[in-house]
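Have a look at the structure below, then the notes.
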Amino acid sequence: MPELPEVETLKNSLKDKLIGLIIENVELKRDNLRYKLSPLLATETLNTNILDVRRRAKYLIIDFNNDYSLIVHLGMSGRFTLQSANYKTQKHDHVIFDLSNGEKLIFNDTRRFGMIYSFKTDLLEKEFLNDLGIEPFSDLLTLEYLKDKLQTKKIPIKNLIMDNRVIVGVGNIYASESLHLARIHPDKSGNNLRDDEIENLIKAIRDVLTKAITAGGTTLKDFVNGDNKPGYFTKQLKVYGREGQSCLSCSSTIIKIKHSGRSTFYCKTCQYS
């Protein structure tokens, strides 16, 4: 599932190309997605001018001049790409936006777990994104904030940093990578972390996410940016997906365990605490 770096990469690849364009036609191809397409999606975006392209958590948001916004979540396999005027529709294309420069903006989702909605811009934070925690790069993510969130939690720290009500955008890949960089065992209870460990973890999360964004995200199978290019952070993964291989820091064997049904990868030597 695309995480914060992938959505940030998608935003960066689309923003300068979309701002100022007009949506001249909207085609809804099918409605049998997990989150069904609303007919209002077409009427609330048609003939609008694109003002901004931004990200909140794992959501891509496109703001229009009619006080509506488009909210896109890629789900497991979603793609949101720019295509040329002579693009041939593909099997899993669900929404096609014809743009005023002749290009097409395509929402494609093979597994159909993604979502694409239109919503009043001024109500987004109050009614749609209201349960989300703070951004990893926000100045609000401090020792005091995270310590307060962790002090009563007796569940594994990996689960806690993946909780979007606490910190947004840190999915399975980057949680494993961040904990390895911070040298914290993924099973350690949140309320048992020392202050220095919390500070190291905040820094590690930011460092890992920054490197992933610079590399264009992580493509394990489906992810591409708006220009149809994959992410290359896969080549920099230290533990994720490396079960049985040697740790790149100490040469111990990478171990795989399960947390809430998700695979977790760690090094028992580096992550002893």
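Every residue, even glycine, has its Cβ placed from backbone N, Cα and C.
Per Swiss-Prot, the features are as follows:
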- Pro2: active site, schiff-base intermediate with DNA (ACT_SITE)
- Glu3: active site, proton donor (ACT_SITE)
- Lys58: active site, proton donor (ACT_SITE)
- Arg262: active site, proton donor (ACT_SITE)
- His92, Arg111, Lys153: DNA binding site (BINDING)
- 238-272: zinc finger (ZN_FING)
Three-state secondary structure, Glu3 (active site, proton donor) (per DSSP)
coil
Counting distance between Cα atoms, which of the active-site residues Pro2, Glu3, Lys58, Arg262 is nearest Lys153 (DNA binding site)?
Arg262
Which site among Lys58, His92 has the most other CB atoms no more than 10 Å from its CB, taking these as recorded positions?
Lys58
Of the active-site residues Pro2, Glu3, Lys58, Arg262, which one has its Cα closest to the Cα of Arg111 (DNA binding site)?
Pro2
Roughly how many Å lie between the Cα atoms of Arg262 (active site, proton donor) and His92 (DNA binding site), rounded to a whole value?
27
Of Arg111, Lys153, which of the binding-site residues has the most Cβ neighbours inside 10 Å?
Lys153
Residue among the active-site residues Pro2, Glu3, Arg262 whose Cβ has the most other Cβ atoms within 10 Å:
Pro2
Please find which two of His92, Arg111, Lys153 have the most distant C-alpha atoms, given that the record lists them as binding DNA, and give only that distance in angstrom, rounded to a whole number.
41
Checking the recorded positions Pro2, Glu3, His92 against Lys58 (active site, proton donor) with a 10 Å Cα-Cα cut-off, in sequence order, leaves Pro2, Glu3
According to DSSP, does Lys153 (DNA binding site) sit in a helix, a strand, or coil?
coil
Does DSSP give His92 (DNA binding site) helix, strand or coil?
coil
